[in-house]
Amino acid sequence: MTQKKIKCALIGPGNIGTDLLMKLQRSPILEPVWMVGIDPESDGLKRAREMGIKTTADGVDGLLPFVKEDGIQIAFDATSAYVHAENSRKLNELGVLMIDLTPAAIGPYCVPSVNLAEKVAEKAMNVNMVTCGGQATIPMVAAVSRVQAVSYGEIVATVSSRSVGPGTRKNIDEFTRTTSGAVEKIGGAQKGKAIIVINPAEPPLIMRDTIHCLTVDTPKPAEIEASVHAMIKEVQKYVPGYKLVNGPVIDGNRVSIYMEVEGLGDYLPKYAGNLDIMTAAAARTAEMFAEEILAGRFELAEAAVAV
């Protein structure tokens, strides 16, 4: 018997949208059927057509008439924080679950290794994947905060300039706000701060992340180390290139962890781990929601949410 698949649409045919499309094509329970853009000449739409995916260059409005006809139940938005609210409203009204890869953060934050099961149980109609820096670093903040209270969490995400598209560059302020908010809300730090560094070095450098946590009490080295290694294993289930470079290094009440993220090389080269962790997390999230839909435990209702 053939496994039934949940049909999906992707909005935004840029770096992230194209990489995500390649991952979804390998999924046992997700089937990408539409790619939505705004430029009929875009390389992303052309590539999608060559892969046998239906395309529209009329934005989300060009997709709406086909949502019911093609049975679309999940949409991924890889456009910009500025347009996400309207995209989400239009698709939620038709009973489509939205996975938000922009920093808009209309729906609850989702970091699969930390809180995916909780978000699936809540049956949210819009979940936000935070940012690439958030996906790479928040698991480490959470790994420390589940051992003991963290008064301050600071993350620095360093990414190759070549891997950062125009959408991300336009959203730098939203990136820092959304990531620092999620360091607090999902990571468990009482106060969070996020910094992104776009490195123009050639050849391009792999994504690197530095995480600093200030603990309220004296750090417990053995427990923190065990928690960090357990969390890394969880992230590696969907991002195999997630690696500890150094740490946890403890200096007074400061716990520092140094990570690197290598991508699978689906669309962009392996140095673009910042894209890979975002698209892999989004695909993992959608698969868990799809399992609930297929099992009949989550029924998508039209106009389930008004944004």
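Note: Cβ is positioned from N, Cα and C throughout, glycine not excepted.
Listed features, source Swiss-Prot:
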ACT_SITE  Cys132  active site, acyl-thioester intermediate
BINDING   Ser163, Val164, Gly165, Pro166, Gly167, Thr168, Arg169, Lys170, Asn171, Asn274  NAD(+) binding site
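What Swiss-Prot annotates, mapped onto the structure for a quick look.
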residue: Cys132; record: active site, acyl-thioester intermediate; Cβ within 10 Å: 30
residue: Ser163; record: NAD(+) binding site; Cβ within 10 Å: 25
residue: Gly165; record: NAD(+) binding site; Cβ within 10 Å: 16
residue: Gly167; record: NAD(+) binding site; Cβ within 10 Å: 20
residue: Arg169; record: NAD(+) binding site; Cβ within 10 Å: 11
residue: Asn171; record: NAD(+) binding site; Cβ within 10 Å: 20
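According to its DSSP assignment, Gly165 (NAD(+) binding site) is coil.
One way to see the shell of the NAD(+) site is to take the Cβ centroid of Ser163, Val164, Gly165, Pro166, Gly167, Thr168, Arg169, Lys170, Asn171, Asn274; the remaining same-chain residues with a Cβ within 8 Å of it are Asn15.
Rounded to a whole value, the Cα-Cα separation of Gly165 (NAD(+) binding site) and Cys132 (active site, acyl-thioester intermediate) is 13 Å.
DSSP gives Asn171 (NAD(+) binding site) a coil state; it is part of no helix or strand.
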